[in-house]
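Noted in TrEMBL for the protein shown:
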{"type": "DOMAIN", "residues": "20-298", "note": "domain 'Ribophorin II N-terminal'"}
{"type": "DOMAIN", "residues": "322-428", "note": "domain 'Ribophorin II second'"}
{"type": "DOMAIN", "residues": "436-559", "note": "domain 'Ribophorin II third'"}
{"type": "DOMAIN", "residues": "592-692", "note": "domain 'Ribophorin II C-terminal'"}
{"type": "TRANSMEM", "residues": "603-627", "note": "transmembrane segment"}
{"type": "TRANSMEM", "residues": "639-659", "note": "transmembrane segment"}
{"type": "TRANSMEM", "residues": "671-692", "note": "transmembrane segment"}
Amino acid sequence: SRQETYENEVFGGISFDIIDLNSLEETYEALRTFQILGIEKKPDLTATACRSISETVGSSSSTAKDLFYALKANSIAECKIDKKASKGIISRLNAAVSGASSLLDFYYSVGGLVLIKDQSSEADVHLADAEGVFRSVKIYLGRLRPTISVELAVDVAFSQSDGRWRYSSNNPESSAFAAGIALETLVGIVSLASSEIDQSLISTLKNDIIKLFDSIEKYDDGALYFDDKLVDGHEYQGPLSTTSSVLRGLTAFAAVTAENLNLPGDKMLGLAKFFLGICVPGDAKDFFNQIDSLACLESNRQGFSLGNLNFTLPCRVSIPLILSFPSTVLSLTRKDSLKVGVSTVLGSEVPSLTVKLVGAFSSGSKDASLVESQELNFDKTSGLHILNDLPKSIDVGSYTFVFEVVLHEPEHEEVYFMGSQTKVPISVTGLIKVENSEIAVLDSDLGSIESQKKLDLAGKNAISLSANHLQKLRLSFQLTTPHGRPFKPHQAFLKLRHESKVEHIFVVGNSGKQFEIVLNFLGLVEKFFYLSGKYDMELTIGDAAMENSLLVAIGHIELDLPEAPEKAPRPPPQPVDPYSRYGPKAEITHIFRAPEKRPPQELSLAFLGLTILPLLGFLIGLLRLGVNLKNFPTKPIPATFAVLFHVGIGAVLLLYVFFWVKLDLFQTLKLLGFLGVFLVFVGHRILSHLAAASAKLKSA
């Protein structure tokens, strides 16, 4: 489940696209991340990586760093490298070892030789004077020794008294990040040695590791990490990269030595908490460091693998076990069970063990434990340890549960580490009973009840009360937990809101189960700004452990307060509602002018009839004059233009009708423009024809 979380939540936000990677270092980190998370390699991505690897190993200009990361990527991509290229790589890396002048030079050249040895079974790769190189890296602190062998003729920076290392003799600052690189380098020298390395050198290196862990830093939650002082911004790596480098070097060293490091298991557990506490890494590099470091914390379960070289030496660094909880909030109402999961940092299965609840304490309390030690039942189906029923002593509230993990087999105690006891904050929620709720108006002098009413705080209330400045208001109720114990919520407020929106909030005090507040209006007249009138009452009861928190309107009270004196304080100005100030404004409907008063419809129709009469008179006059169509053209083309001309005139008249009924002025003018051009064209043609015909008649 932990691996699925990484893939779905974190990995989805970090894009590893090998096609777009800028270097073989990034390619290796992407492939390694895929490998740890169990994500299948895509053929196109592997082909792209192999093409880049082949170009690097085949180029004579490739540096030791280029070859190192090409071989690292190839250990996962499993591309084919021919024998000739392998021999060339070995020769170049051996030369790089001889000419190394800094810790990184040794790291890349030695690491490259280890990788080529692992990937090529036929290659004969070893260091003739491995112990000499080991001594030069470990002992000679930046002094050039020209009289010794080539392997010793180096000018590098080595270990310091505090376990940190320098990158080179030119850089006086030591670094924990460099210490991790140095450990990996020395492990590589051991694997390349043709004979056994002097064990005194290994013991000295072990002491350096112990000194390095003395400078480890700690967060409040118990997470441990390494960090360097920010001296050179270019070399500063940050806590995540630094801690990851040290952990890789540590697990590599532990795998190739018979020495027991004697590192406390809580150190490894603190490192695991650090890496698991990184919820969302900043970039792909941080994500790789996190995932690879978590994989290192599990590497000792089957020995350590360096490339294809598997070490099966006994585990010398404890594998931390992590407690996980599906939920740390339990409901008494739903009768939730307490469920605990135990796994390694990447969610792998663990050997048989027992989880015990050895104590439970109220938050902030130093009293004795509320529960006796009891074992949780293991559910094989879910793989969780379950406590079905919470003890009766556990009620609504916040607690600190103390768990202890016991491994069944004694030999597993040398491999795994859980810590003596683990403290986990647990919240228990439930429904709180609200009983004996009432509100009353009291006489100020005698304390007698003027009026009293019961309240149903779980339902609706519409209480109406009245009082003057010589009286008091009392509100009381009781709160109890599901087990009948008094419950004190985080919040219990009574709010009075005046008609003018002026609010007054009062804290409701308690004594055991009983909550009560008494408002003496005589002493509150100034606080109320002498404002008489209607006050709405609202009660708030809230708590994180209370499943039925309340925000209920009680009703209102009419207060009759005395007149305010001249120098009495005035109510503060009420804040402007941001919504009314910055929210959407009301739609503005603009009217140019109020419509004129129109005549009755009958009068309008009568006027329309009068306007049509001249048209009728015109038509009658045409008939009286004997109008005919004798001059209408008979030839097809002139006749067509004549018809179109008359149709155009009719269209103009129809357009005037539409203008009156539907269209506006701009639409009418646009259409009239088109019709006008059309009428000019056809009218010119028909009139030209008539003029020509008339000229022929006159000449005849």
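Numbering starts at 1 and runs along the chain as it is shown here.
Placement of Cβ uses the backbone N, Cα and C atoms for every residue, glycine included.
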In the domain 'Ribophorin II third' (436-559), how many residues does DSSP call helix, how many strand, and how many coil? 3 helix, 75 strand, 46 coil
The domain 'Ribophorin II C-terminal' (592-692), counted residue by residue under DSSP: helix, strand, coil: 78 helix, 0 strand, 23 coil
Sort the residues of the domain 'Ribophorin II second' (322-428) into helix, strand and coil with DSSP and give the three counts. 5 helix, 51 strand, 51 coil
Averaged over the domain 'Ribophorin II N-terminal' (20-298), the pLDDT of the predicted model comes to 81
